[in-house]
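What TrEMBL records for this protein:
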REGION    1-76  region 'Disordered'
COMPBIAS  27-58  compositional bias 'Polar residues'
TRANSMEM  112-132  transmembrane segment
TRANSMEM  152-171  transmembrane segment
TRANSMEM  192-212  transmembrane segment
TRANSMEM  218-239  transmembrane segment
REGION    272-293  region 'Disordered'
TRANSMEM  361-384  transmembrane segment
TRANSMEM  416-437  transmembrane segment
ACT_SITE  HIS505  active site
TRANSMEM  545-567  transmembrane segment
Amino acid sequence: MASSSADISDRPADNVMRPRPRKPIHSQVSHLSNASEQNSALDTSSNEHGTGTTSGRSTPVPVDAPPSVKSLSTARRQVRAEQRRRLFPTIEFASRVSHFDPSSDYRDFHGFFNLFWIGLAIMAITTMLRNIKDTGYPLRVEIWTLFTVKLWHLAIADFLMVATTAVSLPLHRVFRAAPVNGALTWAKGGMAIMSVYQVVWLAFWIAVPFLLDWTWTSQVFFLLHTMVILMKMHSYAFYNGHLSEAEKRLRALDNPSTASRAPAYLYPTSDNPMGTIASPTRPEAKGKGGGEDGALGDADAVAQLREDLARELTSPIGNTTYPANLTWANYADYICCPTLCYEIEYPRADKIDWKNLISKVIAIFGCIFLLTVISEEFILPALVDASQRLDPSTRPADSPLATADVLLILAETMSWLLFPFMLTFLLVFLVIFEYVLGACAEITHFADRQFYSDWWNSTDWMEFSREWNTPVYSFLRRHVYSASRPHIGKANATVITFLISAFGHEIVMACITKKLRGYGFVCQMSQLPIVMLQRTRWVRGKKTLNNVCFWCSMIMGLSLICSLYVLV
């Protein structure tokens, strides 16, 4: 110990060991520190030859060393200076918010998405372990066995259901070939023929599951697919019918003296969601006159009308023009594309991402597995138990259930179904809009894959309807709201759109439960007054409150509707 002290005290003052400074973490402090260290290193190298002392970590460079040796020594010294660290790093404080703060710009919560799947995996594993302990088998088989009942009936009927929509193409060719004022043009008779055919087609295929006595699982798949194909058929027929009328008008303008000068109707698109009667470049659309000379203004109007009609007959991408799209290949491609609104052509991806496609296919079966587990373990037992408790045959005739007892059983059943239905709702959303539609888009090279928006941040039901299901919302906006708004006004068009949507949901619930009660219809139509209430000045702007109310009504509404349809 004494020798050590003596050794240290005998050393020159410049060779005393000192703590090495550390590099600050933050870039601004690091820049200042590096600049000072760099200047000190340069000062040392400039004075090094006069003093002859060093830090003890490198060999001194001789005075008469070549310039190359001196430059290498300086470079090594600068690198070592940049690698120094301070014992007490500087902490940089600034005005910042947390990631969950409403004013934060941070939006990457992918880790919570992974945590959601981990939680579902834990739920499935613990459920299977409990089933092994209770029954000796990992899964209950009550719902699993329903998937294989009359499977070939379902496959054949589904194929025929889709195939019978192909009549739209030959019928449309007939409507297009009809003379201008003939009875079979789209405006005269074609629209009525296709409307009647679609009503009869829908009624027939809704009746098929009942006639064949299918299970409810087969009915769910077949009915949802039927509604999707109905909307596809309607969009194909009505959009091409509109194009056939536009083509006839364009041909008629070859003889302007006898042709109609009415403005062209521009069909609703993503850039023109509401549809317009006249092009924005037309003089009347800009609020200007036709021109100084009447004849010149008439010629300009004809040229503008011809341009509007020609652009309407051309796809938004510009590669295809009507009627070149009237082919079987185009129709088959449209049926497979994940969209409900027909266009002459769509943006396409260059190639299939096989890794993405395989992951989505695996996710589809994973979601179906989890949905079945949740239904088997949590939803079905609660409904069966409530049904038995409400069954009059299980109780003595002299002690019927009181109204309070019935309401208590319904409330208890709803409480047991809240969390399972929340998981079911999220899984149904993922399996349809993320995985099934994503897989179809990958297979067909369909490039527009925004099938939903951030509906989970919705503050009212109107916003939810726009962002939760983009394909259906686009269809209703294009073929219901925009088609009816010029005739009945904005408010009535909104009511009509909600009526049709509520009617479609009620058909689905009635076919699944084999009960026509109207609960779903009433609940969906009640969204309109709720939206009006949320847009009052007392509630409007309170995003957190409205989002909480949205989620509560969503979760409670699902369990309430299910309880009412099954138990009442």
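Glycine residues also receive a Cβ, built from the backbone N, Cα and C atoms like all the rest.
With a cut-off of 8 Å on Cβ pairs spaced 6 or more residues apart, the transmembrane segment (361-384) and the transmembrane segment (218-239) reach fewer than 3 such pairs and are scored as not touching. Taking Cβ pairs closer than 8 Å, the transmembrane segment (192-212) reaches residues 150, 153, 157, 161, 164-165, 167-168, 171, 218-219, 222-223, 226, 230, 233-234, 237-238, 241, 507, 511, 514 in its own chain, all 6 or more past its ends. Proximity of distant same-chain residues to the transmembrane segment (545-567), defined by a Cβ-Cβ separation under 8 Å and at least 6 residues beyond the stretch ends, is recorded for 379, 383, 386-387, 390, 409-410, 413-414, 417-418, 421-422, 424-425, 457-461, 464, 509, 513, 515, 517, 519-520, 523, 530, 534, 539. Residues 146, 149-150, 153-154, 157-158, 161-162, 165, 168, 171-172, 191, 194, 198, 201-202, 205-206, 208-209, 267, 331, 334-335, 340-343, 472, 475, 478-479, 504, 507-508, 511-512 of the same chain lie 6+ residues outside the transmembrane segment (218-239) yet bring a C-beta within less than 8 angstroms of a C-beta in it. Packing against the transmembrane segment (112-132) from elsewhere in the chain are residues 138-140, 369-370, 373, 377, 423, 426-427: each is 6 or more residues past its ends and has a CB under 8 Å from a CB in it. Of all the Cβ atoms in the protein chains shown, 16 others lie within 10 Å of the Cβ of the residue listed as 'active site'.
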